[in-house]
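**Student:** Handing you this structure, nothing more for now.
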Amino acid sequence: MRNAAPIGVFDSGVGGLSVLRAIHAALPDEALLYCADSCYAPYGERDDAFIAARTLGIGRWLASRHVKAIVVACNTATAHTVSMLRERLQMPIIGVEPGIKPAALQSRTRVAGVLATASTLQSARFNALLAQYGGDCRFVCQAGHGLVDAIEAGDIGSPVVMQRLSACLQPILDAGADTLVLGCTHYPFLLDAVRMITADRLHIIDTGDAIARQLVRRLTDLQLLIDAGPAAAHAELTLAPAPLRLVTTGDAPQLTRIAWQLLGVDAAAEHVEIASEPIYFDAPA
Ligand code: DGL
């Protein structure tokens, strides 16, 4: 029975749909429950306690819907709270983090850019990742101010977005980067815009497929895959045969529209209320 349970996927908003696409491609028979916390997006400029309270609240809500695993499809939430979620919820929890390791392995100029939220870039977890895997590669880190808001509104190519994105990418190009890490799950939806602005000069690293592979490994190890047969390697995300449920703390018709615009998915989203879980950090000694 547990194998037939859905996989829960969440993000501050619609960005995690880029991860949902990769998960569906790897596991087309699995039921998916996607939760967008769009009422509270963006997380990227919020403080740690706020992000933790939202993330834990959503994690508990997904657990109460009997998901068999949770994918935190948000770099910002992962950076601040994935370990707290793992301590509190007894199920596989997969986080996402910027692809520093592949960038350091692949860059020929030894300069790579990272585009992520301000909160991810400031986090201890991200800085530990740079220290552990950055090696001799120099990383030029840029916060994508205003980009998440635009994508939440379905804007992935207006002049305003192009201008904001250019401002973020120029210092990366000026530094001689040949590689760009997309360190926020919203940004893969700006791929065409990034390619246009950079004249396709940067090798782009998006970790969506790697997250999906990690999820497949975890569910396989735990014998939690649905019994419907082996995963198809590259199924298209169209009208899914397996159930897909989209919920949002924000505007449901807006999520329905964006899922159609960004993924071509035709599913009516539902509005849900999800309470934050208050977090009490230990006071410094
Ligand atoms: N999509 C998210 C991430 O990967 C969060 C963006 C935001 O809410 O600021 O970081």
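Placed from the backbone N, Cα and C atoms, the Cβ positions cover glycine too.
What TrEMBL says about a protein is an automatic prediction, not a curated fact.
So TrEMBL has the following annotated:
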BINDING   Asp11, Ser12, Tyr43, Gly44, Asn75, Thr76, Thr185, His186  substrate binding site
ACT_SITE  Cys74  active site, proton donor/acceptor
ACT_SITE  Cys184  active site, proton donor/acceptor
**Student:** Give the sequence-ordered list of residues that share a chain with Gly44 (substrate binding site), lie 6 or more positions from it, and have CB atoms under 8 Å from its CB.
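**Tutor:** The answer is Ser12, Thr76, Ala116, Thr117, Ala118, Ser119, Thr120, Ala143, Gly144, Val148, Cys184.
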**Student:** Which residues, sitting 6 or more apart from Tyr43 (substrate binding site) on the same chain, put a CB under 8 Å from its CB?
**Tutor:** Ser12, Asp37, Phe50, Ile51, Arg54, Cys74, Thr76, Ala77, Thr117, Ser119
**Student:** Same chain, not part of Asp11, Ser12, Tyr43, Gly44, Asn75, Thr76, Thr185, His186: whose C-beta falls within 8 angstroms of the C-beta centre of the substrate site? Give them in sequence order.
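**Tutor:** So the additional residues around the site are Gly13, Gly15, Gly16, Ala41, Pro42, Cys74, Ala77, Thr117, Thr120, Val148, Cys184.
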**Student:** Would you mind pulling the longest C-alpha to C-alpha span across Asp11, Ser12, Tyr43, Gly44, Asn75, Thr76, Thr185, His186, which the record has binding substrate, in angstrom?
**Tutor:** 12
**Student:** I'd like the number of other C-beta atoms within 10 A of the C-beta of Cys184 (active site, proton donor/acceptor), please.
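**Tutor:** Within a 10 Å radius of the Cβ of Cys184 (active site, proton donor/acceptor) lie 32 other Cβ atoms.
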